[in-house]
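Lifted from Swiss-Prot, the feature list:
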- Trp15, His35, Lys107, Ala139, Arg254, Leu276, Glu278: NADPH binding site (BINDING)
- Lys107, Gly135, Ser137, Lys190, Asp243, Ser253, Arg254, Asn255: sn-glycerol 3-phosphate binding site (BINDING)
- Lys190: active site, proton acceptor (ACT_SITE)
Amino acid sequence: MSAFNSISVLGGGAWGTALALTAARAGRSVTLWEHDPGHAQHLEQTRESRFLPGVMLEPSIKVTRDLAEAARAEALLLVVPAQVLRSVATSLQPLIAARTPLIACAKGIEHGTHRFMTEIIAECAPNAIPAILSGPSFAADVARGLPTAVTIAASDAAIAQALAQAMNSGSFRPYHSTDVRGVELGGATKNVMAIAAGIVAGRKLGASALAAMTTRGFVELVRFGKAYGARIETMHGLSGLGDLTMCCSTPQSRNFSFGMALGRGESIDEAAHGKLAEGYYTAPVLLEMAQAKGVEMPISTAVAAILQGQLGVDAAIEGLLTRPLKAEE
């Protein structure tokens, strides 16, 4: 079994920079690929990320715009948005060695196809081993070496364990799992719940309402997870409950801050600040997938209706509060 001594990180944004630093701290030989020439040059010359001011790249991290060079690593972290993962995985297919792990680090579901991230990798790069990294982790915390725990999942237990070992450092603790679907499902679902929680906070509905929204959001996550084959222990773990708890409690979460802005009465364009949160794309897809399995998800339904302009925030909240009373699950 490979020790994955060389790791490439594809994507030089905040999360990619944080994971590159983590891999370097874990003693790996790290290459950081960035497609934007201006940002790549800035990283190479200043060693400082525009997205994480004050955070400097380790001297050992090599910055490149050459995808073929990055593809020579023993494992690749794909730190690109969920909706562009397909194009990156397709480009990698002819460049990677057989059975190279491609680890998705985005939390989402592809719009239009309803594909999870590892499904896209399997489809577009059949030579690769699909894997997923997810859990409660903000880029700024990880980059600064603050204690963080995540989950890395692959269908092969030995591969998952080896990848976790390769990324393990004094402050970054990966747990390993073979429940690939459960790990990526939790990360995608919490995006939508975090928007809902942000709306509650932005509307100043109080701590009680926020706690209720987060708890019932977790109920929806579990329902959806069961319908799509996730293990209950995964949903109760870092990539499920852990990520949900974090992202429903702080504006550090882009989805939560997006929801807060909506709750304050801002339009979607105003709330996005030039970059839509991943939950915006996930909400309608999540709802379609839930309906296909007959899963009741009232919070997700309300969020999707708000984002599609079908309901105002107050009407959506009233709709949730006036649903028929029922026994707690």
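Placed from the backbone N, Cα and C atoms, the Cβ positions cover glycine too.
Since the structure is predicted, the reported quantities are computational estimates derived from the model, not experimental observations.
Counting every protein chain shown, 24 other Cβ atoms lie within 10 Å of the Cβ of Trp15 (NADPH binding site). Largest Cα to Cα distance within the recorded sn-glycerol 3-phosphate binders Lys107, Gly135, Ser137, Lys190, Asp243, Ser253, Arg254, Asn255: about 15 Å as a whole number. Note on proximity: among Gly135, Ser137, Ser253, Asn255, the binding-site residues of the record, the Cα nearest Glu278 (NADPH binding site) is that of Asn255.
Sequence-distant neighbours of Ser253 (sn-glycerol 3-phosphate binding site) (same chain, 6+ apart, CB under 8 A from its CB) are Phe138, Ala194, Gly198, Met246, Cys247. Sequence-distant contacts of His35 (NADPH binding site), defined as residues of its own chain at least six apart whose C-beta falls under 8 angstroms from its C-beta, comprise Arg65. The distance from the Cα of Lys107 (NADPH binding site) to the Cα of Lys190 (sn-glycerol 3-phosphate binding site) comes to 9 Å. Proximity note: of the listed binding-site residues (Trp15, Arg254, Leu276), Trp15 have a CA within 10 Å of the CA of Ser137 (sn-glycerol 3-phosphate binding site), given in sequence order.
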